[in-house]
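Structure record follows, encoded as structure tokens.
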Ligand code: G3D
């Protein structure tokens, strides 16, 4: 991770319930660059190069309650929030909706654009982005810039496009 580059690389935070697919996604995107941070921090962080001139620093801050107090340290500098949801898991949509609402209520994230990744689109029972959007109550976030895209972290489908869109959202805000 080059120092000069990381300084100018916008910070993106990856969140979502456990099993949503965050580590799979990071492993796909950040080939060979995922670093385990110290156990006290417990986050994975990596650099994502979109093209020669554009990179994003992506933090997987997990979803565990025990980690929440630590989010504060990273949210300060966060330019976009990427919320990963398992679109095949109807039973946990409500829980995901609550988790998203809670994190967006953080003062540090007030102006931050949101990208929802409806992951696991490769599974036959996965919900459409329209359904996921309704389940997560996204239309209620009318004063926030948000987008939703489907992807498969496992197959590597839709990831590049999604993060290009994240970069555009950051530029617009
Ligand atoms: P997390 O980091 O958000 O907790 P993981 O989630 O990345 O550990 O993924 C949880 C499980 O979902 C893993 O399966 C992983 O392989 C699977 N998974 C992640 N993304 C996809 C996807 O796009 N499609 C499908 N079909 N599965 C996915 P295991 O079996 O290892 O628990």
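Cβ atoms are placed via backbone N, Cα and C, with glycine included.
DSSP assigns residue 20 (GTP binding site) to coil, not to a helix or a strand. Its Cβ placed at the centre, residue 20 (GTP binding site) has 26 other Cβ atoms within 10 Å. Annotated GTP binding site per TrEMBL: 16, 17, 18, 19, 20, 21, 22, 23, 63, 119, 120, 121, 122, in sequence order.
Its Cβ taken as reference, residue 23 (Mg(2+) binding site) is surrounded by 17 other Cβ atoms within 10 Å in the chains shown. The feature Mg(2+) binding site is assigned by TrEMBL to 23, 40.
Secondary structure from DSSP puts residue 120 (GTP binding site) in coil. Cβ contacts within 10 Å of residue 22 (GTP binding site), excluding its own Cβ and spanning all protein chains shown: 25.
The 10 Å shell around the Cβ of residue 16 (GTP binding site) contains 25 further Cβ atoms across the protein chains shown.
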